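Only one structure is covered here, and it is reproduced in the block below.
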Amino acid sequence: DVSPVVAGLIGATVLVVSVSVTVFVWTCCHQQAEKKHKTPPYKFIHMLKGISIYPETLNNKKKINRIQRDKNGPAREGGRGNLLVDAAESGLVGSDKAPDGPGAAPQLDQLPIKVDYGDELSPDQSLTPGGSKTSSPSSPGDDVMLGDLTFSVDYNFPKKALVVTIQEAHGLPVMDEHTQSSDPYIKMTILPDKRHRVKTRVLRKTLEPVFDETFTFYGIPYSQLQDLVLHFLVLSFDRFSRDDVIGEVMVPLAGVDPSTGKVQLTREILKRNIQKCISRGELQVSLSYQPVAQRMTVVVLKARHLPKMDITGLSDPYVKVNVYYGRKRIAKKKTHVKKCTLNPVFNESFIYDIPVDLLPDISIEFLVIDFDRTTKNEVVGRLILGAHSGSAAGAEHWREVCDSPRKAVAKWHSLSEY
């Protein structure tokens, strides 16, 4: 026999559990239904040689689809009926996953470079937006012809979609002296929002690449086209160091009218001009070199006027410091993350043992990055001091440090677009 009190408690417990389970199941079903019918504010469809590879939404997740084609349909690519596009073989996966090999300048591994860091909190998410390596501090000289880029622009009025097809490039410069060729690919961004970031696959050992890749961007009203600018960044993949920047193409859509159909365009590839990049705020750093100890001290002091990266109107910035000997990265480290601020104060120092005779070939890169726990971190801007400094102020700062031993030289620098 069970007392009425115990029976009542058991009945109440069963009732509460039943109601809780019912509410939980209903909530899950309701959220799942909302996800199915929710239209993201931005998405694009990627086409490779007329074949749909994957749809991509704001979460940057790529889906590789196996496409079954009717045998009676039009033949393409040798009449194959089935096509499976592998992202790794097609170069769609970011090049930062390429392993270092024995041919990666073995003499650099023996450099007497030592790093001494204080205790830091390292952000646990990866650096790059879109999962790719980016530009190298080096770039082709002014006297080198960089070639031409051919692409087309169209607009789909029923779907409110901008369609950009990157077709081919001609006359690219040689970036790999060993093979006397290049491994080109293209990154495209729609300015000024910089939300629509895509890239083509890497084409190996060619100076005349034919990409034939179509990117369809949904949710762009035709009335806004006149305010947008297409930015094409042409790069050459490098397995053992940072990818080389060949050049860039800027195309304001104010001069393009795709209302009557596809517009075919060919533009000359120009050397990337860091001075013309939009200001991304300022960073104050201090450098000093001790010739007796052969030690370089780098202090990341503070930043100001950083752009708003979060929906709250603030950012969570930190600074990643990369040290290069020539084009080979020999050291890297990160500062703490400063939460909810556009004017962070870091005051963190890094010490490097660098012989005097290596100073002319040393470059120090500062990347200001917005930390995000739910999505990938986004680069706000960058600064390069040293052998590959992209600005006159950066070159002057480095020269003053080298000419004034044992003196800490602190200066503000404008961050350039990454």
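Quick reminder: no glycine exception, Cβ is built from N, Cα and C everywhere.
TrEMBL labels come from automatic prediction, so no person has curated them.
What TrEMBL annotates here:
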type: COMPBIAS; residues: 126-141; note: compositional bias 'Low complexity'
type: DOMAIN; residues: 145-267; note: domain 'C2'
type: DOMAIN; residues: 279-413; note: domain 'C2'
type: REGION; residues: 119-143; note: region 'Disordered'
type: TRANSMEM; residues: 6-29; note: transmembrane segment
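The domain 'C2' (279-413): residue composition by secondary structure is 18 helix, 67 strand, 50 coil, according to DSSP. Shown for the domain 'C2' (145-267): DSSP residue counts in helix, strand and coil, namely 12 helix, 63 strand, 48 coil. Mean model confidence of the domain 'C2' (279-413) amounts to 87 (pLDDT, 0 to 100 scale).
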